[in-house]
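Per TrEMBL, the features are as follows:
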type: REGION; residues: 1-39; note: region 'Disordered'
type: DOMAIN; residues: 345-460; note: domain '1,3-beta-glucan synthase component FKS1-like'
type: TRANSMEM; residues: 508-526; note: transmembrane segment
type: TRANSMEM; residues: 538-559; note: transmembrane segment
type: TRANSMEM; residues: 579-602; note: transmembrane segment
type: TRANSMEM; residues: 622-645; note: transmembrane segment
type: TRANSMEM; residues: 688-709; note: transmembrane segment
type: TRANSMEM; residues: 730-750; note: transmembrane segment
type: TRANSMEM; residues: 1489-1511; note: transmembrane segment
type: TRANSMEM; residues: 1636-1655; note: transmembrane segment
type: TRANSMEM; residues: 1736-1755; note: transmembrane segment
type: TRANSMEM; residues: 1767-1787; note: transmembrane segment
type: TRANSMEM; residues: 1808-1829; note: transmembrane segment
type: TRANSMEM; residues: 1875-1892; note: transmembrane segment
């Protein structure tokens, strides 16, 4: 039988024992993993882990191979038989080896079997059959019967799994029936009870787990198992989907509880049922714990029951959205609970049904109302079943023959296919949004009652929802999709146009436009004063604003129809009528108001007359009536605004009569109804904006508008000036061209400068609010020391639960919980030590002793008491007369008094513990009595020689050293030394110090005093700690004011101390806290640095390890001290590479760092739970066996409570792929993630498993699963596997889809979203209970309870470089002061991907924690904030807790990040969420919303456009000659200054100072304003303004391009350490279009104006305006090189030039990447033009025409033009241009035709052309008086013209490619790129000649790191000859 294993060449021998991975809690992640070699053959002696070789289609054989590896050492022959069985199963499953990787795996296994057959022999019997039988019997007896109760459930599960495999092997080897069948059935039944579990071992009965002893868990399990009177479904036995064959009685579905019943009834998957069963039990238990408190905790003997309120509360949370949806659609809810129900069975069935639907819905989870629709119908089916209890059984409504996933196939799969088709149609989001339906469109289909008629139930596959959206006759042409029939969008269409900004925020634009119009009218009045509005003529003119308002209203109504046209079919009839009527009314008002106004011009009225005339209406003009009627809706709206509760109730009402009344003002929508805050919040943000708008309008009036009026009047009154070019409109009156040129930039500044005012006001308010929140009260070590005494009291009030006792304030102050504070404080300090932020000595100085408070004073940390004893000794020496004086001096500093008392009492304690004889104790007693008596009589100074105390202190120091170094192996020697020292001490006390001590020390017998000692106590750790602490107090002479020295440790300690004084809810007991989960999405980021990663050197010779050691020198020293590394030997240190890899990874942005940080939550909960159960929680101080057992029991229960309160899931999307990958990097990531799971048993990893299996027709089919695994002893253990309808990431954006597939495995009522680049700290984890209490703070928030809790972040990457510092400061200001103001008072904080905490039940029933539609939801996180707000949520911000976060640190990384965010904001501008929030917020909240989201980016773009408009206006004035003739007119000279002031108001933006304001305020608040001022100055010296100005260009470019053309995409930034030099070509590719082209255009504008301009040369203010633009140009052109390390090193410059020339010269083609060829990059840069709309292409062409003005203006100023102004001059210039292009084309054709074969002809052609050129130039110079300046001017004029032609050619590329001109366009583009590259490179090359420039740049870039001891000059110079490990 064994020989049938196969024949073939044998493989090399293999030792499977090496593949085992031993699990210990202290085990660290390792990079030593077994690789899968190509071909699986195991060449080169590399071991393989067989299970990792198994293709996904053969997954069922993995347990067999695992079992073979496990038993190989016990019985190699049986292991061989297991592999043989695995091979046979693999062959049966895929006989043709059609699956991917199957053939290779079979080949490997076959070779292994041949080798093992020869090498192994039976041990227990003579045949294989008897061998397997005996081994099976032996294994079962040994592992399953003996000592079963002593083994852990995980171990028993493994043994049962192996036994099951052995039985399968036994049946394969001996297929006949035998005596083991019955025994095996029992094993199989027991195995089911030991199946892998997640948190709750529901099937494990023995041994009983502590978590299952929790009363609430037991009660919840029991509640679900109550199945009284439930009819049972009739089930036909079918084969399961995985093809598994088991005995009939074991395949029978057993219904244990309500969820099992739902599983059988509705055809859910078993994995889903098990997952949601645990989910529901934990929810019930946790909610019950919270609602019942701890009252039953002490009454364990009473059978606990889940309270009915718990189920009602859970029902309300889960079905809140469903009930709201039913009310909205006027449906009757299908949740029907019988009134006479005696149990909670119906409620639990409905809850379970919803959770099971949600758990299996996959991508449909993003469509909450679709889930409501599904649940609505299934709840009806459920009600029908449970209401008919008379029949004992029923036919299940969901069944598919031969399948166990009926619900997935019948309900979810059809909906998924629709989403899949729409996603495919979108072409990964590159097609216009209007061409396909996204998640929102599909979900909003269920907002209408029509879905019930059209879709039905079961769902009709012919319904329009499932209709094919792509017509058969659809074609593609030139990259543009053309369709004759499109799917209808739902309710909204995302059209690419800037008009969305007006459509969404029309009220704001109307306000600013009307205010501008009114201010201009008032300023234009004769007096120009605001009071002139009372003048009749002025007031009449001001009334024209209503005509403007009517026009804006008409524009809004028109946009509503045009932009929503493609969703017209989906709108209800009433909505269509509303749109049409709105448009008709807008047209009517647009006609009525101008008409009535023109008729009333003859009857002017003033304001007073206007008001008085309303009393007598008969005399009023019809225009006034029209205005009053027009304003009537707004007046009603203002009145409603004052009565918010009424308006909120009306808008949220679903009553038909109210909906009818509100029909005109508010379209019917399910979301965004009644979004009004409470009156207090309303008053706060309304006041904020009223004050801001007053300042803004006053500034605009007095600084921008009023000063321009007089110059404008004069300009308009001047006669028509002489033009210096051919004027197309010579008869234009009033010099309107000049007026427009002057006013255009001012108008743009007017619309943009509100953003500046917002920055100023938010900075001021945020600073004041932060100060009142007590931020920054403790910001230095000095402040910490001065207030440390108050910290335990604050700790007791905030972090210690009151356990139901209501102590008075003064009682709490008198009795602070010192013991609990000490435990928490020490855990914090120990964590800092483990993270290497402290040295051992610093740790000893900071900890509070754990040996118990045996002194009469609290034992403060030694760093507070350091040097106090030496100071006290000096005081004692100096006092000679009175005790009172000594006491006064000592009590001046309370810590000195504490130190003296503690030292005295501790010394006595030590003495009494080591002396044995009573005589010795009597001596000590006499000394103590003498001291106490003298203190009482105040005669201490008189009776003791205190100046001898230093001598005594020295002796005690020696004694403590001996006690610390006591060696049990040599006790005699140490005993003698200690005894002698004690005798010396006693002699000093009695003879030198005590004046009357002669008789104290006398022997009372034959024994010598202090000769017999008891040193057993020295063995205890606590006793040694006491000695160490006492020695520190006695000997530390220097002040510990600089402890700790590490800046990060200081920051964390001071922030933790400061946060205790901030306002936060009091922590509840751990049992009563809200349960929560943490979810981290992970893709392919770094998990753990390998030794290769750390030692790999970049081009400068810098390795990551070397870099980190220089950045963090103190932390590396602390690390070496921690691992007790002493020899300074490089090779020896390499033996500790595992520890070094961890140390480095904890300082990078790695998954290892994130996991460590998040697992602090669990550690904190365990400590706090022990504190709650032990009062006080002295869990390090137990000594007796009984107390130790009690402690162990307490620890186990604390771990169990922590398990049900906290869950951490990392969604490693491609973990399954990495597991089987051949790529070394992927394989190492898999191994490291596995190691993280093994080290952290409570860590869970979710991933998408792709299984490729053969189908019946020979093809293969891919199936996808959501899988949850945990770490086992050696491998990952699968817990749940849930089949998916398809690949989730095919539909939406990657990160939200990754979160969504894993969210079903999270638990609890709260969910914290943590990104992969975040960190956490244990001291912050202690405050998690407090934060979660914010969800239930009804007094603080009223009815609008928070649904998202925002937390602040600390950016930990700020010390890497100056760029990282800038980015860190910018990000810090946003996550602190920025979000502080957003949350309060503005109420517009959303979710930004930060460590926010979600109300989990609220969000999982409303679409999840992010949105995922391709492209439009690129910034997926903020949309969850939008969604939460629109659905009635409340987002808050809390700054008493912080989480660490890493940011990008290199210039290119930062720019990629800014581009990604700008892209996201561009897509947000088009989204329905922005539209609905902009329309539904009240006016002032809408202003907050605009200026803190898309408005910031639009304002940034307007800033840049203002510069363009200003310069092109100057260009027009200069080239036309108007500047000379008008602006220099004597009558206008007096107004020049006013004109300059107005123009200068926008220059502040170009300096990039706007973003610095919040930074300075926040740094000042938290570090002090002197520090803030210093940092501000340093930032400016390090060119922070250049950096921020450069990023302004990044925002502008990508925001504008996204709205016009699309192209938004996720940009991976990389989060590594960036000290490498980016090549010139790389920078050029990245910034060419976004910065360099624009910068060069502005440069040409400035140069032209400089050459031809004539005015303002003496004006310093105007120079300041142009200087700011020069700074902008310099920033855009050279910032990437200034912030590029080593950019100005000569060798680097030479290498960059070579690389640049090579890149420019490479031709494109198939397979050429953009990094290799300019041509490939150039084509890729035009990608957005090929996918954009015709409208956007036309706009691009129109904008390109601006470049023609240069040529048009310059040709008329040439000397050769001889002042001719005919149009023919311009025509001739075009002839010249065309001739040049023709000549260049001839040369190009000549090179192609004659360049190779007819070289001579080509040379002759070039010679003739050259001679012709020289001749023509000679004639021009001699005859037509051409000058050299004309030549340069012509070049300046023709270059922009050529660029214009190039841009038009690119826009029209489909047409150009049909002609022969495309190659010419490409060559023209190459020429321009060469010119631009040369212009940029010349300054770099020039500066590279000077070595000091490179040194200065290094200092500039890395100054922050220099201040921390970073030797960056050595880093950038390389490590030539320097060892990796260098010891100082």
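Numbers run from 1 along the shown chain.
Quick reminder: no glycine exception, Cβ is built from N, Cα and C everywhere.
Since the structure is predicted, the reported quantities are computational estimates derived from the model, not experimental observations.
Proximity of distant same-chain residues to the transmembrane segment (730-750), defined by a Cβ-Cβ separation under 8 Å and at least 6 residues beyond the stretch ends, is recorded for 512, 516, 700, 704-705, 708, 711-712, 715-716, 718, 720-721, 723, 1502, 1505-1506, 1509-1510, 1513-1514, 1516-1517, 1520, 1522, 1526, 1539, 1542-1543, 1545-1546. Against the transmembrane segment (622-645), the recorded stretches 508-526, 538-559, 1808-1829 differ in Cβ pairs under 8 Å, and the greatest number is found for 538-559.
Same-chain neighbours of the transmembrane segment (1736-1755): 496, 725, 1512, 1515-1516, 1518-1520, 1604-1605, 1644, 1648, 1652, 1729, 1761, 1769-1770, 1772-1773, 1777, 1833-1834, 1836-1841, 1843-1844, 1847-1848, 1851-1852, counting only residues six or more beyond its ends whose CB sits under 8 Å from a CB of the stretch. In terms of DSSP secondary structure, the domain '1,3-beta-glucan synthase component FKS1-like' (345-460) contains 79 helix, 2 strand, 35 coil. Counting same-chain residues at least six beyond the ends of the transmembrane segment (688-709), those with a Cβ under 8 angstroms from any Cβ of the stretch are 515-516, 519-520, 522-524, 528, 530, 742-743, 746, 749-750, 753-754, 757-758, 761, 765, 1385-1386, 1484, 1487-1488, 1535, 1538-1539, 1541-1542, 1545.
Confidence across the domain '1,3-beta-glucan synthase component FKS1-like' (345-460), taken as the mean pLDDT and rounded to a whole number, stands at 90. Packing against the transmembrane segment (1489-1511) from elsewhere in the chain are residues 501, 505, 508, 744-745, 748-749, 751-752, 754-755, 758, 1382, 1386, 1388, 1390, 1422, 1462, 1465-1466, 1468-1469, 1474, 1477-1478, 1481, 1543, 1546, 1549-1550, 1592-1593, 1595-1596, 1599-1600, 1638, 1642, 1645-1646, 1649, 1669, 1672: each is 6 or more residues past its ends and has a CB under 8 Å from a CB in it.
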